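Novice: Just dropping this structure here.
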């Protein structure tokens, strides 16, 4: 259920139409006798739906492919990328994806968009709930889009995620489930013991337009009443769902959020949210990061105000109130003068305390700055990194070379360095490379080299900058690895590749390339997939992490 970027999805559906293959592996969700309805192109037709209902033929001989705005009675079979529910049309087996639909749920949905081999559906009404229904503890769960599966039991979430990885490995990775070794290769998903308050970083947005549910749209909001601090409402870049408490972040972080919410709209402070249309206003984002004091083992927090200009005197009253919270050790101000929505500023100022917080991972200490990348779930990162170490299988005699691709702040490479001869890390983000150097020094590690470089733009000279590695670690972002890098790895022929992925779809695609090659480009694969281990890093969300071990044939 990890997110597939639009360009990656186009690639998958054009060269490997796995959705069409998947629908042949499961039974149709409903019979051809189901009523097919057509509604007008009006999203506010709450009282006139029955006036526009049309029955279509029930003939089994007519293969049906839905049209835009057609309304169908559907049943969700499983979950796909972005946590969308997978449904199918009777007779044709045509695939429809629906947001907020969960396995076993029967509902009425309108076709909102058709995209070649599948279509997207908007849910209008639930007829019967899904089979693993639980009460979502968060009051915003049905609106914010961050925790799409909070009302699905955690056991069912794990089953859905594991099934998605399994189907992608079969249909995109081309690993046959008839292979006698398949069950040994496809490992059961590793659950997360901590299912709430696990995120060490949350980014909230200030906005001049508060999002309201349909039943409250009649209310007129003016001035400060229309201001909001929270999360972007799904599908809106300019509307903010006001959030007073998030169950994914730590309790001290919620204490800070509540303090900001209680004070930032005070007219006496003169603070205004940034308006994405007029490009006016001061406050853009509130970023909260939770770390740990290495001496006391107590939480320490960083608060980062992202503003459109540097006016510390305007933030001073807020700083005084927030700094009174014992866990707060750092208050930063990133200044971002661009019209974009990024929380990374061109300039950074320390308003209170220190400029970094600390965290421990696999026995190492890491300093985290306002814009550092760090695994968002520290508790589960311990589990993930242990799996990576096990797959790497370093002998521990300091004789092996490790190539760490997409190394970020060096967390994986540094945890492996104690057993390796040398670790060479490559990362495109300059600040991350600087953090990697600092973290190596902080932990007294001298057998690492971190280099800034874009792995999507490597040339024939890339492999000349380091000795041939015994082990390659590759941890790309969601689009996966560029074909240039895959060609390099196939030519390099390192004995072992540990592929760490936050997107099982592009992961399965890259496994296929490494194992089976690319026939269209006359590229031969030379690896064998030995194991793929799904890990649930983010309960109640669609995201899945995978650790894959490939060995040279």
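Heads up, the Cβ atoms here are built off N, Cα and C, so glycines get one too.
The active site, nucleophile feature in TrEMBL is assigned to 502. According to TrEMBL, the S-adenosyl-L-methionine binding site annotation covers 375, 406, 427, 475.
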Novice: Could you round the CA separation between residue 406 (S-adenosyl-L-methionine binding site) and residue 502 (active site, nucleophile) to a whole angstrom and send it over?
Specialist: 12
Novice: Counting every protein chain present, what is the number of Cβ atoms, excluding its own, within 10 Å of the Cβ of residue 475 (S-adenosyl-L-methionine binding site)?
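Specialist: Result for residue 475 (S-adenosyl-L-methionine binding site): 21 neighbouring Cβ atoms inside 10 Å.
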Novice: Suppose we draw a 10 Å sphere around the Cβ of residue 375 (S-adenosyl-L-methionine binding site). How many other Cβ atoms does it contain, all chains included?
Specialist: 22
Novice: Where residue 375 (S-adenosyl-L-methionine binding site) and the residue listed as 'active site, nucleophile' are concerned, what is their Cα separation in Å, rounded?
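Specialist: For residue 375 (S-adenosyl-L-methionine binding site) versus the residue listed as 'active site, nucleophile', the Cα atoms are 11 Å apart.
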Novice: I want the residues beyond 375, 406, 427, 475 whose C-beta is within 8 angstroms of the mean position of the S-adenosyl-L-methionine site's C-beta atoms, in chain order.
Specialist: 373, 404, 407, 408, 409, 411, 412, 476, 500
Novice: Could you give the Cα-Cα distance between residue 502 (active site, nucleophile) and residue 475 (S-adenosyl-L-methionine binding site), in whole Å?
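Specialist: Given the Cα positions, residue 502 (active site, nucleophile) is 8 Å from residue 475 (S-adenosyl-L-methionine binding site).
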Novice: For the S-adenosyl-L-methionine site made of 375, 406, 427, 475, how many Å separate the two farthest Cα atoms?
Specialist: 16
Novice: With every protein chain in view, what's the tally of Cβ atoms within 10 Å of the Cβ of residue 406 (S-adenosyl-L-methionine binding site), excluding that atom itself?
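Specialist: Excluding its own Cβ, the number within 10 Å is 20.
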Novice: Tell me the Cβ contacts of residue 427 (S-adenosyl-L-methionine binding site) under 8 Å, same chain only and six or more apart in sequence, or just say none.
Specialist: 406, 407, 408, 433, 436, 450, 451, 452, 453
Novice: At a 10 Å cut-off from the C-beta of residue 502 (active site, nucleophile), count the other C-beta atoms across all protein chains.
Specialist: 19
